[in-house]
Amino acid sequence: MADQRMDISSTISDFMSPGPTDLLSGSLGTSGVDCNRKRKGSATDYQLDDFAFEESMDTDKDDPHGRLEYAEHQGRIKNAREAHSQIEKRRRDKMNSFIDELASLVPTCNAMSRKLDKLTVLRMAVQHMKTLRGATNPYTEANYKPTFLSDDELKHLILRAADGFLFVVGCDRGKILFVSESVFKILNYSQNDLIGQSLFDYLHPKDIAKVKEQLSSSDTAPRERLIDAKTGLPVKTDITPGPSRLCSGARRSFFCRMKCNRPSVKVEDKDFASTCSKKKDRKSFCTIHSTGYLKSWPPTKMGLDEDNEPDNEGCNLSCLVAIGRLHSHMVPQPANGEIRVKSMEYVSRHAIDGKFVFVDQRATAILAYLPQELLGTSCYEYFHQDDIGHLAECHRQVLQTREKITTNCYKFKIKDGSFITLRSRWFSFMNPWTKEVEYIVSTNTVVLANVLEGGDPTFPQLTAPPHSMDSMLPSGEGGPKRTHPTVPGIPGGTRAGAGKIGRMIAEEIMEIHRIRGSSPSSCGSSPLNITSTPPPDASSPGGKKILNGGTPDIPSTGLLPGQAQETPGYPYSDSSSILGENPHIGIDMIDNDQGSSSPSNDEAAMAVIMSLLEADAGLGGPVDFSDLPWPL
């Protein structure tokens, strides 16, 4: 019994001993301190195998073995922090090295006198990548020069091979910085006459905008001022000379007209001094094909002392280095033998009145005209007068039908005044929404002499023979035959004022469209594809006025004599129709510009229009709506 009491008391004393309580409270206190320390900003919680070293170290502080482990734990934390800082330092160093390497690859960063910040380097790198535009394998100019040739020898070889002249033009002001001596053979100007002058003074006025466009957008050296992101001040540059790099975005090739210095005409008669002075001062132009690159040099390297302004400090001098060659148009030569070569052709687009609205660049090699010389002019101004009648008929057909029209061979005047033989395929483009013809597309092919003699099966000839201009212009009864006026300075062969023909044909077709525009049957078809309609009844008011008043003044349909019943697409196909009494073409209005109509003719024309409205639209009586597909 006594032994049992002693065991119970010992058990109670062991249970009531403070050791476990202190251990529990110490553990809770340690964990609380550890949590507070983590909340205050401890960067990292280092744990191994999900066991907190701090808890174990705080628990066994009094134990020597525990103190040793605590010291080792603190050392590990310190080493981990140092390793983390070393990793961050290595990362920053690597990023800085990449930024420096990127700055060395960008040409604009190399020109800076001071070290740029990272944001400026990245912005310049993005700007440089945009200028490359996907160019691959950029090359340096030094790689293209053989080692055994000097610069002067290479220049002479290039000029001899190109058969032109070398010139350097500043992109900012168009100043001629250098030109080779061979320019005298082409432009008849000496080297000293051109160096230092503005290129724009020797260009045709219509080509100045085109050349300025070619000189602008310098891809090699942007002209804008660079701002430092830290200080906000402009960055000053110290340009270091190096091999300039060429890219596809800096390549230039264009045509322009330049003045040719002709020998002055000596005028001895004082009475004609005012008229001859204009001819003496007038300089002829020749077409120059310029091919080269946009490059940049330091202003000090070019030896220019005038660009010492503060704005120009730190900017490269952008220049156009090009070879200018005289561009002579290609005159087709008769082919010898039966060698088949690809025919020369160009594409042009015309308004409905025949004016050029687009010309392919290939036309320059065939016609010697630049595209801007032809734009806005009528094609009838270049047609030979013997072919105008046939081409006018083709013009009507292409406006009234959707089919392709192939013309016969005709003569087209080129720039030197001679004529070249062409054959064209015309088709009209009709707007699907407005149902109106917007423009005419013409594919013009040069016809060689042997093809013209033997005939070409690929180009079928039209059945209607070409009509000359004289056969289309009515002459007075018993009067003399019309003579074609000649214009001083313009070679013969074309007709003065022929550009009005296309406008008259367009107005004629539009007038027919207006007459037929209110007919319900024409709503689903093309407005220019007009179907035949019987003539108005003589019992109608319009018909009585027509019978009493004669033929109304309505634009002619353009039918040639004897073709009234063969050509479809006109309002009246019967020879006794209203328009059949005036079948000839109205080109004689070119010489008569009065064009005024009398009141009686206006009333007769209005009567015809009203009669057509009554006959086609049913305005003269009640209308039956039972045939409509929708309920009313």
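Residue 1 is the first one shown; counting continues down the chain.
Each Cβ is built from the backbone N, Cα and C atoms, and glycine gets one as well.
What Swiss-Prot says about this one:
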MOD_RES   T21  phosphothreonine
SITE      H84  site 'Interaction with E-box DNA'
SITE      I87  site 'Interaction with E-box DNA'
SITE      E88  site 'Interaction with E-box DNA'
SITE      R92  site 'Interaction with E-box DNA'
SITE      L132  site 'Important for interaction with CLOCK'
DOMAIN    150-222  domain 'PAS 1'
CROSSLNK  K266  SUMO2 cross-link
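Positions of Swiss-Prot features highlighted on the structure.
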residue	record	DSSP (3 states)
H84	site 'Interaction with E-box DNA'	helix
R92	site 'Interaction with E-box DNA'	helix
L132	site 'Important for interaction with CLOCK'	helix
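For the domain 'PAS 1' (150-222), the number of residues in each DSSP class (helix H, G, I; strand E, B; coil) is 36 helix, 14 strand, 23 coil. Its Cβ placed at the centre, I87 (site 'Interaction with E-box DNA') has 10 other Cβ atoms within 10 Å. Taking CA atoms as the reference points, R92 (site 'Interaction with E-box DNA') and H84 (site 'Interaction with E-box DNA') are 12 Å apart.
If you measure from the Cα atom of E88 (site 'Interaction with E-box DNA') to that of L132 (site 'Important for interaction with CLOCK'), you get 35 Å. Around R92 (site 'Interaction with E-box DNA'), taking its Cβ as the centre, 10 other Cβ atoms fall within 10 Å, counting all chains. Rounded to a whole value, the Cα-Cα separation of L132 (site 'Important for interaction with CLOCK') and I87 (site 'Interaction with E-box DNA') is 36 Å. Neighbour density for E88 (site 'Interaction with E-box DNA'): within 10 A of its CB lie 10 other CB atoms from the protein chains shown.
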